[in-house]
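These come from TrEMBL:
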type    : residues       : note
BINDING : Met43, Gly191  : substrate binding site
BINDING : Lys119, Thr164 : ATP binding site
Amino acid sequence: MNWNPDLIQEVRKRRPLVHQITNEVTVNDCANITLSCGASPVMAHAPEEVAEMAGWASTLVLNIGTLHAPQVEAMIQAGRSANKKGIPVVLDPVGAGATSFRTETAKKLLERIRISHLKGNAGEIATLAGERAQVRGVDSGHVDDIRTIAIKAAKKWGLTVIVTGEKDIITDGVKWAEVSNGHFLMGTITGTGCMCAPVVAAFAAVSKEPVSAAVSAMTTYGIAAEQAAESAKGPGSFRWKLFDALHSLDGAAVREYAQVEWGGA
Ligand SMILES: Nc1ncnc2c1ncn2[C@@H]1O[C@H](COP(=O)(O)OP(=O)(O)O)[C@@H](O)[C@H]1O
Ligand SMILES: Cc1ncsc1CCOP(=O)(O)O
Ligand SMILES: [Mg+2]
């Protein structure tokens, strides 16, 4: 199936503005990964300004990692503004399944906003799809047959689902891709999941094809992580080397190192 290994070049050329309403833990890493892939981040959370900011943006990320009630309202307002403008909206349902506030908020956002990409780990996605799953804080336990669950979730909400893990699954409910790029060191720092969302959002902003954009984003990000891991001494150096690697990665390297398997229609 078709996807574009050179999409990072388009991101760098067009520098999409990525509006992010995100958590307090990984906010700085999310801003920096956005810059490293060639896009432009803006974090704006206040209910007084989110609709206006989303109106200027090329794409919107909603991450519920450190949720509180006023933020839910801000996310809905930003989402509606983004929908009005017709830009991609990426939802990261961090910790859905860990508490009912997170699970119910993620469901509310899925019902009230047209989300283009739902990106989470296996436990989060399985919870939202109504399956039994283990979520401990923000971490996922093993979920059997997660690809089938992802396909079901994508069909149910009419969007592209990205399930992260050792292999990332990307599906629109009909076709699916499995991306094997990435490195186990990604699991040793917080934020590698959160950072996927702005990368996917930036790529989706410069593409008309949501699945293909997500495949380009996840391969590019995973290959950057592989390159960072080559000389990293541990989690600390891996984290800053990831920004360096993504910043200097080009389409030729993505084409050479991508590990993508396609299935479905
Ligand atoms: N063991 C692994 N091997 C390769 N890549 C991994 C591994 N674990 C996680 N990743 C990558 O790390 C990123 C975050 O995934 P994940 O750990 O599932 O997210 P979260 O932190 O939200 O639970 C994804 O890009 C995923 O591909
Ligand atoms: C630790 C933590 N607690 C609330 S949000 C957050 C960050 C989660 O980041 P990621 O999903 O990328 O591991
Ligand atoms: Mg996460």
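Using N, Cα and C of the backbone, Cβ positions are placed for all residues, glycine too.
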- Query: Do any residues at least six apart in sequence from Gly191 (substrate binding site), in the same chain, have a Cβ closer than 8 Å to its Cβ, and if so which, in order?
  - Reply: Val25, Thr26, Asp29, Cys30, Arg239
- Which binding-site residues from the list Met43, Lys119, Thr164 come close to ligand 2, meaning a Cβ under 6 Å from one of its atoms? none
- With respect to ligand 1, which members of the binding-site residues Met43, Thr164, Gly191 satisfy a Cβ distance under 6 angstroms to one of its atoms? Thr164
- Item | Sparsest-packed among the binding-site residues, when each Cβ's other Cβ atoms within 10 Å are tallied, from Met43, Lys119, Thr164 | Met43
- Whole-Å Cα distance, Lys119 (ATP binding site) to Met43 (substrate binding site), is 19
- Task: Give me the Cα-Cα distance between Thr164 (ATP binding site) and Met43 (substrate binding site), rounded to a whole Å.
- Result: 23
